[in-house]
Amino acid sequence: MIGLVEGMSSSPEVRVALAVGTIVAVITAAVGVLTVLRGQSFAAHALTDLASVGGSAAFLFGGDQLWGFVIASVLSALGMHAIGIERIRKRDIATGIVLSAGMGLTALFLMLAATGRSSGGSPMSVLFGSLFSLRASVVPLVCVLAILCAVVLALIWRPSLLATASLPFARARGARTRAVDALFMCALGIGVALGAISVGAVLATALLVGPAASSLRVAGSTRAALVASCLIGVACVWGGVALSYASYAFLGGRSLSASFCIVALVFVCYLAALMMSGIEGAARKGARKRV
């Protein structure tokens, strides 16, 4: 155990992975709580598909993948806001075609990048992430985006919760729900982009929604759910990075993907939260019957 900690602390790649992963875990967990409460997990999933187009295009043309993810996801988020999430959800055929077209473009860009000689890195990193391949130069940009997202969340947190509980009441209190929705979609777009650069566009939804859904299952208040979601997200990232790093020794020179390890831990946490909420619910029913 001591050797594992010493090895991780002495590796620049691991230090960058933990720095980026921690920042991303906190922000995506916070965005995820609002996403789950607002019932917009579908929007998060759709944005990951559309964000992959920007990431793959940036990879093809040698640009910064993070900027590709950010531009594509934020523009897509604003477009979804303009059309209306509920309208998009109800038009399942058109939505499926658009999302499939987005993934088709992603496949085309990645194929062109894989067959070309000008691009570096692995095309798979766009879809499934590669925390250990991130450069230290990406940390300042991740910090700036995280701060921007946190500021937006701080501005819309209370009116967004109020609108989630009762939209007419929120409007009666003077909340500008349309502006709140637009700002939330921007924050969601940034959260998706940060998740995509960490665990990949395909798996970003798990990091965005998983810790939040787990915490909301067991927490007694929104504030407690926010704290628990951040702790779960950070624990899964650190645990996933440690598992991936340690797997190199017992897999004979190969290692498990950090993205896989992180998402697997998120899944385990959600199962544990389901069990805890189920046990608590059964205990409450038993107490009511005895009364």
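Keep in mind that glycine also has a Cβ here, set from the backbone N, Cα and C atoms.
Because TrEMBL annotations are produced automatically, they should be read as predictions rather than curated entries.
Here is what TrEMBL records for this protein:
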TRANSMEM  16-37  transmembrane segment
TRANSMEM  42-61  transmembrane segment
TRANSMEM  67-85  transmembrane segment
TRANSMEM  97-116  transmembrane segment
TRANSMEM  136-158  transmembrane segment
TRANSMEM  179-204  transmembrane segment
TRANSMEM  224-246  transmembrane segment
TRANSMEM  258-279  transmembrane segment
Beyond the flanks of the transmembrane segment (258-279) by 6 or more, those residues with Cβ under 8 Å of it: 17, 21, 128-132, 198-200, 203, 206-207, 210-211, 213-215, 217-218, 232-233, 235-237, 239-241, 243-244, 247
Chain residues outside the transmembrane segment (136-158) and at least six past its termini with a C-beta under 8 angstroms from it: 12, 16, 19-20, 23-24, 26-27, 30-31, 34, 64, 66, 70, 180, 183-184, 186-187, 190-191, 193-194, 197
The transmembrane segment (224-246) in contact with the transmembrane segment (16-37), cutoff 8 A, at least 3 CB pairs, sep 6+: yes
